[in-house]
Amino acid sequence: MQTYLVGGAVRDYLLGLPVKDRDWVVVGADAQTMLAQGFQPVGKDFPVFLHPETHEEYALARTERKTAKGYVGFSFHADKDVTLEQDLMRRDLTINAMAQDADGKIIDPFGGQRDLAAGILRHVSPAFAEDPVRILRTARFAARYKFEIAEETIKLMRQMVENGEADALVAERVWQEFAKGLMEKNPRKMIEVLRECGALKVLLPEVNALFGVPQRADYHPEIDSGIHTLMTLQRAADMGLSLPERYAALLHDLGKAKTPSDILPRHHGHDLAGVEPVREVNQRLRAPKHCAELAELVCRWHIIFHQVGQLKSQTILNVLKKTDAFRRPERFQTALNVCIADTQGRLNREHTPYPQRAHWLALLEAANQADSGKIAAECRAQGKAHLIAEQIDRARLAQIAPLQKAFRAAQDKTEKH
């Protein structure tokens, strides 16, 4: 019985990165051997055990065979005769198909170290095509390390998409990999890889449809709506924004794919037009509620947020109410963060100031100075409970108006200079 450290732990060790989780493979043993040594069985589908002291996962070396479409259609074989190389061969990429023995020696039968040094993601064997999740995982690794995909691997990924393997993916698994990819250092790269292999058209056709749709060059020097979306997503990542914010950044302009061709490159009403496509994506991916709600909010209101300097005080109050800013100020603030990414996610606009965010937050703070509890009590005492909402609005407007007037004056002064 021999144990080897495998997979991501070996890869990250060779890259000089912190090793978070350690997985082990056991060669020359069976389930009875593991149980006799005090290991606890935990694998539902595979022979995986927890070490009695470290609680790290130890899996028996195994081979796999495809039995049906999708990522669950597999049968496996694990016994004492399965070799380390056979176990490594079933893995997805060469950089994940390395092992380290007890003496620290690296076992690398498929050239993983070479590909790490070259910054290449390459599949281990044709068995890569048996699991469609590997399309998403490869795109995610590209986003993490900014590696390129080997030509033969991207070709195989295209074939998998053409054969309908991506259609067999279930929403939960897509979201799991997709969310991880959005939180990588270079999420733009994930979307680019998915587009290159054709999977984006299957998994996120609404995003794929943005590529080739022109925008006004004075607002968007990058011209292409798809490129702007990638730049906005990447800017959100560079800002260190959260998963809901990055997800909203990706979906904020879906309405531009709905713009009638006769008015291009203008996109009047794309904020409203994008709401339904955002809902469709949310439903298809079964996005968590906090991600789905923020994506819809940003899509619907980002243009209004940008144009705050042009709004009347009553309109501002209406927006604060409709976006639920009084009850959910944190979500309101995250929506404004995405608006910064939208503004700066344009060619040569990475450092464009966005005073609108601070102004919206100041407007919300000012409106909250109106003592709604006191106003409600006074109205009830006067037998005018039906006027509570109206009186609260009036008090809030009294707080908003001077602030908005000062902002517009400062804006006019800046424009004149």
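Residue numbering: from 1, along the chain as shown.
Cβ atoms here come from the backbone N, Cα and C positions, even for glycine.
For G8, R11, R91, R137, R140, the entry in Swiss-Prot reads CTP binding site. The ATP binding site annotation in Swiss-Prot covers G8, R11, R91, R137, R140 and rests on sequence analysis. Taken from Swiss-Prot, the feature Mg(2+) binding site applies to D21, D23. What Swiss-Prot records for 225-326 is domain 'HD'.
Other than the site residues G8, R11, R91, R137, R140, same-chain residues with C-beta atoms no more than 8 angstroms from the centre of those residues' C-beta atoms, the ATP site, are G7, D92, L93, I95, N96, F141.
Residue counts for the domain 'HD' (225-326) under DSSP (helix as H, G, I; strand as E, B; rest coil) come to 77 helix, 0 strand, 25 coil. Long-range Cβ neighbours of D21 (Mg(2+) binding site) (same chain, at least 6 residues apart, Cβ-Cβ under 8 Å): G8, A9. R137 (CTP binding site): 18 other CB atoms within 10 A of its CB, across all protein chains. R91 (CTP binding site) sits 13 Å from D23 (Mg(2+) binding site), taking the CA atoms of both as reference points. According to DSSP, D21 (Mg(2+) binding site) sits in a coil region rather than a helix or strand.
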